[in-house]
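So the structure is just underneath, and the comments pick up after that.
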Amino acid sequence: MLQILLGYFFIIPVESFLLQNNSFRATFLGFYVYVSNTTTINEGQLCFHDNGYFNLSTIPAVLTLNCTLHGRYVIYYNERIAGQPNDYSTDAEINLCEVEINGCQQGFYGENCTSTCPVNCLSNPCELITGNCFQCDTGYKGPRCELDCDGGTYGQDCGNTCGSCINDTQCHHVNGSCLQGCGPGYKGDKCTEECPSGKYGINCQHDCSSTCNALHRCNRTTGECIGGCQPGWKGSFCEKKCDGGTYGQDCGNTCGSCINNTQCHHVNGSCLQGCGPGYKGDKCTEECPSGTYGNDCKHSCSVTCSVSNSCNRTTGECVGGCKPGWKGFFCKQECDGGMYGQDCGKTCGSCINNTQCHHVNGSCLQGCGPGHKGDKCTEGCSMGTYGNDCKYNCSSTCSVPRKCEKTTGECIDGCTSGWKGFLCEQICDNGMYGEDCSKTCGYCINNIQCHHINGSCLQGCGSGYLGDKCTEVTSLWATQQSCENSIYFSAGVSATIVIVGTILNLLIWKRKHQKLKNNSKNITKSHVLDKQEKTIPSTYAELGDIDKQHTYDDIHHYSEANYSK
């Protein structure tokens, strides 16, 4: 390795190596040339490396290299390593005849070195061809060091950062001083000195808040309290009281149940206006003791709660519901609407007139309605009884004796022969008898009612009839019938008209009879229940008696006249 010391810094534009033109050329192959400020190759800059560029036939006797570099040493170096080309010599040797190094005098550059290097080049050297500075004086930058430091930098290579100049203005590019003063939190010529404790802002002229957690200790720039605020305060400057239902250190505690959700004391959390429902104590954090509720726990729970005096501490609502017979939010309302017992969940029995039963035990205080008996009126009437409290006996004239509907007393299977009506207490109407009063009486004398059960005419038969029920025609009547076959045609027509009229009268009578019969079956329940006190009048009295005898007498006389002809 060959090192050439230039003594001081030079611009190295050209290096000329004169090689011996002899058999030692192989020793030059693969050489390196460096320019460095030290004698260490690794700290220098590579100017040229023969990395297969030359061989024995192409390597020149005189080699000129253009290396525009700056340094104190020119180093020639060669080596031999495994795997090198065959043209290389076994050993690396230096066989230089001459080395020439050309460059401009310091401070000049360009052709014939007539141009002066820029004034702000450090120590005034510059690049030989372009005139660019290798390094700038303090406070400058740019290829020719023609620019002041900016962007908040100053000093050598603009490598220093400005202090906290006011409004982030640029400090002096050389010495870093803040020409317009310091920004918040700093002081000094370069604005690098922080405000002392307890001060902040521009020129450190403001005092930190007295409510900072560390008294008068705050951010020197903004004034924000360092370490938070004293208990009860918040905000960047600890200037605001705790609110929103909080208090204490860092407003981190939650207020108790203050009345109407009012704000508690911002420091100690006490409720200044008292407690809301369900709580008591200075901070309203204590729940009401058992048996009390409401604001400041000043109300007592209802004694009709399922668990006596046990209710919701806030609302007073009974916990676990009400005692039997009571309802409502506070269990102060008796069961109603036909209900009683636990949770008013049971239905009253058939109390008379649908009156309310006892709200606790369900007893009917005024007695039972139709068809029921017992303390709660839940028992049906026994066989043979009906009505309110089952105090009435079924009619003995029911088809099945003493068997009737338990509510109304109506005979379930109808009436025994000869009786009619809702309760089978009415005998058959005039002219009718027997099962369901469906049979027509015979020709009893003077149209007297026949026996309502068997139909017998108790006072005898009318003219022309005989028998127990007066339904048999006498023999005289039969003889007269045979003699009347010779009646005139006109008399026959007249008789026919009379007969048709008679039939029509009978049909009208039959229809009225049936309608009255149906009406008797539609007697209301109220009539039935009152039947012990009054008797239902017979509507058949309005019809009057049908003069059967008169009608048959007309037929008889007509027939006699006809046969006599």
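Residue numbers in this text run from 1 along the chain shown.
Just so you know, glycine gets a Cβ as well, placed from its N, Cα and C.
Per TrEMBL, the feature domain 'EGF-like' maps to 112-146 (among others). Across all of the domain 'EGF-like' (112-146), the predicted model scores a mean pLDDT of 91.
Residues annotated as domain 'EGF-like' in TrEMBL: 157-192 (among others).
Among residues of the same chain six or more beyond the domain 'EGF-like' (203-239), those with a C-beta under 8 A of the stretch's C-beta atoms are 164, 181-187, 194-197, 247-251, 265-268. Annotation source TrEMBL lists domain 'EGF-like' at 203-239 (among others).
Per TrEMBL, the feature domain 'EGF-like' maps to 250-285 (among others).
The domain 'EGF-like' annotation in TrEMBL covers 287-332 (among others).
Tertiary proximity for the domain 'EGF-like' (343-378) is limited to same-chain residues at least six positions away from its ends with a CB under 8 Å from its CB atoms, namely 321-322, 324-327, 334-337, 386-390, 405-408, 525, 529. Per TrEMBL, domain 'EGF-like' is recorded for 343-378 (among others).
What TrEMBL lists as domain 'EGF-like' is 389-425 (among others).
Feature annotation from TrEMBL assigns domain 'EGF-like' to 436-471 (among others).
Residues annotated as signal peptide in TrEMBL: 1-16.
If you look up TrEMBL, you'll see 487-509 marked as transmembrane segment.
Here the domain 'EGF-like' (157-192) has Cβ contacts under 8 Å with residues 135-136, 138-141, 148-151, 200-204, 219-222 of the same chain, all six or more residues outside its ends.
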